[in-house]
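What follows is a single structure, written as structure tokens, with notes after it.
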């Protein structure tokens, strides 16, 4: 009977994960096809981008499953279900989730250090028409070896890095931390993989600070502000064309008597002719946009977009406030910098954490909310990358545009999303620490009371799982244990959260100051060729 219950409960959790998996694969195919260039599209790069993006989203979907499984082991009254009453059974379920993380993280390592670099350099070499297929593969492998060496170095460091506790004064707090380390390290020890993933998560933290923070502000504000009027843009573009043509005529009139133009005038004439070509292409795109049915549908849906924009900006502010309170709680009540600012439970009221706990009695609202939070982070990251493009410090490498994105840019996009997803779990833990640690678990607390008739009696009360709960009464999620494998990474993540809050506020100010976007934003650029218009079909 217990075995049948265990099977049915596990099937529910993993069935939800399977449905999400199918939705993710469909979304990835549509998303990549929407942005990929029709002229430069390649089968291998397309498959690689779709698979990498799917892996990123699947990894993010594992967090709600982890929380669901540990929560589903118990009844709302705090007692274990029959199939979960055995410690060995609970350990098997926890191990399954942990191995799921290790499997997906291993695939991410493979993608980041081998698969994506090889495909990227293969198509970089393809740009040179004089290189044959064999030379392409050879040169791509040569550059990929550097990434593999970095991966090997991280694995070796992780295999030998010490996990002993640094010297500290709060021994009671550290005993709990040490217990968690030993549980993950000794029972399921793969410290090398953990260290490598944590190192990549640091890079993901930088991407979250850069792209996700900006995306959280720019996506809702773009929905609220909308786009400029097509008719007004066409009028403005026509006036610009007339002005440029007039300037070109003035320059050409200087050489009507046979005198050659000066070098300065020739440069100006060349620049004006290039500007005129861009304006003419812009005019063609505006004509198409005005006659297209999507523009009319967009106008009809304008109130819906405003409502969504207001909702998303409120969600972003809620996240920022929750993250600030969580970081402040760690600063005031954690064991300190030398312990990775690890904290058990919550000491300050965190609105998002309280909301998740309040939704627990109404199944499955809390799981839906944690899934929506995960998806929200991924979508805002995509919005940030699309609006900013891909940069290396002050150098813009690639632009992300519908139907115009090169294969290399799509590979970069997917690699950045892979790194962002690695850091997303820690971000969600920072937003709702108690819920991510224990889910919706409750336990029975024994309290003694004195009755005039019965004398001393023991009363059982149901409480939400927290740091004060007995170890065998509440199961910690594998996500929490994995996040705190190395205390020094937790310290860096903590300061990264402060940087994220600052980046979001700066991005919010910048987004508010910017005007409305063009209705053909990103479709026409100065470095586009006339042939590129042929692939853009509305």
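Keep in mind that glycine also has a Cβ here, set from the backbone N, Cα and C atoms.
Summarising the annotation, TrEMBL assigns coiled coil to 234-282.
Through the fold, the transmembrane segment (12-32) approaches residues 46, 49-50, 53-54, 57-58, 61-62, 65, 68-69, 72, 371, 382, 410 of its own chain, all at least 6 residues removed from its boundaries and within a Cβ separation under 8 Å. Here TrEMBL flags 12-32 (among others) as transmembrane segment.
Summarising the annotation, TrEMBL assigns transmembrane segment to 44-65 (among others). Outside the transmembrane segment (44-65) by six or more residues, the chain places 13-14, 16-17, 20-21, 24-25, 27-29, 31-33, 36, 97, 100-101, 104-105, 107-108, 111, 115-116, 119, 122-123, 367, 370-371, 374-375, 377-378, 407-408, 410-411, 413-415, 417-418, 420-422, 424-425, 428, 436, 479 with a CB less than 8 A from a CB of the stretch.
With a threshold of 8 Å between CB atoms, the same-chain residues lying at least 6 positions outside the transmembrane segment (102-123) that come near it are 42, 44-45, 48, 51-52, 55-56, 58-59, 62, 136-137, 139-141, 143-144, 147-148, 150-151, 190, 193, 196-197, 200, 407-408, 411-412, 414-415, 418-419, 422. Residues or ranges marked as transmembrane segment in TrEMBL: 102-123 (among others).
Marked as transmembrane segment by TrEMBL: 143-163 (among others).
Non-local neighbours of the transmembrane segment (192-214) in the same chain are 102, 105-106, 108-109, 112, 151, 154-159, 161, 377, 380-381, 384-385, 387-388, 391, 416, 418-424, 426-427, 482, 485-486, 489, 492-493, 496, 499-500, 503-504, 507, 511; each lies 6+ residues outside the stretch with a CB under 8 Å from one of its CB atoms. The transmembrane segment annotation in TrEMBL covers 192-214 (among others).
If you look up TrEMBL, you'll see 306-325 (among others) marked as transmembrane segment.
What TrEMBL records for 367-397 (among others) is transmembrane segment.
Among the features that TrEMBL reports, transmembrane segment is placed at 409-429 (among others). Counting only same-chain residues 6+ beyond the ends of the transmembrane segment (409-429), those with a CB under 8 A from a CB of the stretch are 32, 35-36, 45-46, 48-49, 52-53, 55-57, 59-60, 63, 105, 108, 111-112, 116, 119-120, 197, 200-201, 203-205, 207-208, 211-212, 323, 370, 373-374, 377-378, 381-382, 385, 390, 397-400, 436-437, 479-480, 482-483, 493, 496-497, 500.
Taken from TrEMBL, the feature transmembrane segment applies to 486-510 (among others).
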As a test of reading the model: what is the averaged pLDDT for the coiled coil (234-282)?
80
